[in-house]
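Student: For reference, the structure I am asking about is given below.
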Amino acid sequence: MDLSELERDNTGRCRLSSPVPAVCRKEPCVLGVDEAGRGPVLGPMVYAICYCPLSRLTDLEALKVADSKTLSESERERLFGKMQEDGNFVGWALDVLSPNLISTSMLGRVKYNLNSLSHDTATGLIQYALDQGMNVTQVFVDTVGMPETYQKRLQQSFPGIEVTVKAKADALYPVVSAASICAKVARDQAVKNWQFVEKLQDLDTDYGSGYPNDPKTKVWLKEHVEPVFGFPQFVRFSWRTAQTILEKEAKDVIWEDSAPEDQEGLGKITSYFLNEGSRVCPRASHRYFLERGLESATSL
């Protein structure tokens, strides 16, 4: 799998895809959706779709695709290679969501939780398939959250498509198994070849599985936390594991703002809409101006 586009810029979102088989624009198709890397504190989360004509579904099943978690890395790569060879009727697309994107979304002023990010990414990939002219008539999705709620939401977004959302769909439907293999192969390769934008010296790339409960991952996090700037962007700093290490190992940061006394004497918000005469309140200068003897210029 060619991830050169991701390696050039791994700070946001990257979409990769195979060529669309001509038959998938003509015949009714089935499409599966799954992800890899939802839980780890390290590395990206990858969402993938895989699709093929309904008439060729038995050929996809003949590849012996299975839930990627039950396969070894070499088996996943072999099966992905087979799907590539069968590109005349099998296609795929994926979105790679960087750790930086995940963390900034979850910790932004307007919270964007992981479930919502996952749902929107899956919806975007299905829409991408339709925009490419694929004749998708059935969609199978491995659930995130309550399957009934998720299925209702997808069905409303795609009323002309039969949508099925199930827990463990990657073990129930071959087309979802194929998507899980695509996602896992992409994530494994992305993690293995991750380009650190921080240009770290003496970097240890033996970070274990990347899951929060992995002792090797925890050791790596403690060894690669910078006291002032925190973690490399390879780390999802919104994860509790990373936050706990930051609280223990990093320096405290004091954000200077207006002095507390500046907040005294503020009236009710309704008072700003009433005619109460002049409401000019003296305001103390910020410490920056006081220390430098700076005053407001009233005339030039």
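First residue shown is number 1, and so on along the chain.
Using N, Cα and C of the backbone, Cβ positions are placed for all residues, glycine too.
Heads up, TrEMBL stuff is auto-annotated, nobody curated it.
Okay, so TrEMBL annotates it like this:
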BINDING   Asp34, Glu35, Asp142  divalent metal cation binding site
DOMAIN    28-251  domain 'RNase H type-2'
Student: What are the sequence-distant neighbours of Asp34 (divalent metal cation binding site), meaning same chain, six or more residues apart, C-beta distance under 8 angstroms?
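Tutor: Same-chain residues close to Asp34 (divalent metal cation binding site) (Cβ under 8 Å, separated by 6 or more) are Tyr47, Ala48, Ser68, Val141, Asp142, Ala169, Asp170, Val176, Ser177, Ala179, Ser180, Ala183.
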Student: I want the residues beyond Asp34, Glu35, Asp142 whose C-beta is within 8 angstroms of the mean position of the divalent metal cation site's C-beta atoms, in chain order.
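Tutor: Counting only non-site residues, the set is Val33, Ala36, Tyr47, Ala48, Val141, Val144, Ala169, Asp170, Val176, Ala179, Ser180, Ala183.
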Student: Within the domain 'RNase H type-2' (28-251), what mean pLDDT does the predicted structure show?
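Tutor: That region's mean pLDDT is 94.
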Student: If you draw a 10 Å sphere around the Cβ of Asp142 (divalent metal cation binding site), how many other Cβ atoms fall inside it, taking every protein chain shown into account?
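Tutor: Result for Asp142 (divalent metal cation binding site): 26 other Cβ atoms within 10 Å.
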Student: Any same-chain residues 6+ apart from Glu35 (divalent metal cation binding site) with CB under 8 Å of its CB? Would you list them in sequence order, or say none?
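Tutor: Set apart from Glu35 (divalent metal cation binding site) by at least 6 residues yet with Cβ under 8 Å, we have Met45, Val46, Tyr47, Ala48, Ser118, Thr121, Ala122, Asp142, Val144, Ser180, Ala183.
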